[in-house]
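Engineer: TrEMBL lists 380-403 with the feature region 'Disordered'. If you look up TrEMBL, you'll see 1-31 marked as signal peptide. Look at TrEMBL and you will find 134-155, 175-195, 215-238, 247-271, 277-295, 307-330, 350-369 tagged as transmembrane segment.
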């Protein structure tokens, strides 16, 4: 009897020991995979001002970790402390104070010994040192105003078409290029904003970068595509004379289609990543932005009139484009980041290019063709009835050119 009890006690002891070893192994494994991180990866600090971020562990660490903070610029900010030890098994927060010394954009990254480099990889902060808080708020206001201006800019043309029951004077090549451009732009924005796989690939390529697509980008692109579709539908129901999409536009769109289809095929065959496919779509969109206004400007020149082409659209687009460039200049001054404009001039150049076209359209409307019988002082306030014009003018003056 005693022998059986001894065996039972021994078995119970072995089982208990095995369970304790199992729990210890699991705990140790969790500890080894625990990482240090920060409460915010993006911080803005004023010149000569202070801001604080926290370093903490998302689990219990198995051993002490030596953390050394460094920056990609030596004279823009001061870190206190720049080095510390995060103790094993601790759940405390380590505060780090940032003092802005010089305006600019700085990346703060953490380093440790070879055994703990993986643990500190998520300890990084993108710091923006600004000269003035007032300029920050002004930039935000500019951003919202140009967002609204660009969003509303589609509706003067839609309203003008509805009041006139005609789309004469509105170039169909412009609409064809526009809908393709905004569709590709929506694909890019929705892909990077909603698809986790693409977001993860972006993080792999740019570990310290931030996703360039925000919710307002998604909303704007989808809304622009919707408004352009409404305008295209009007072309099927309202008077349009003999206007159509030109063969040149069909040829350009065919080239773009080949680029998109081939890129999608390469991505589907795993030759390139789907993120690269989205980038190729964005390059096509940029190209469309450069050329899409040319057909409308040429059509106005041939007709010697801007009738049917809403000046309200141009005024709002000019407002949005101007404020967009002013915001870039304002931010470049406030953050001493002129490289963002002159080092990579694509965005600024495209904005300037669009504004220059807006100026040209305003010259066509208010200067070159202001005395044209088919021009109106404003498409927002004056209704031009096609039927009345037909009665007043001989049939030969009605626009019948194909663009």
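Note: Cβ is positioned from N, Cα and C throughout, glycine not excepted.
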Engineer: Of the listed stretches (134-155, 247-271, 307-330, 350-369), which one yields the highest count of Cβ-Cβ distances below 8 Å with the transmembrane segment (175-195)?
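Structural biologist: That would be 247-271.
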Engineer: Which one of these stretches, 215-238, 247-271, 307-330, has the most C-beta pairs shorter than 8 Å to the transmembrane segment (277-295)?
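Structural biologist: Top-ranked stretch among 215-238, 247-271, 307-330: 247-271.
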Engineer: Need a quick answer: max count of Cβ pairs under 8 Å to the transmembrane segment (350-369), which of 215-238, 247-271, 307-330 is it?
Structural biologist: 307-330
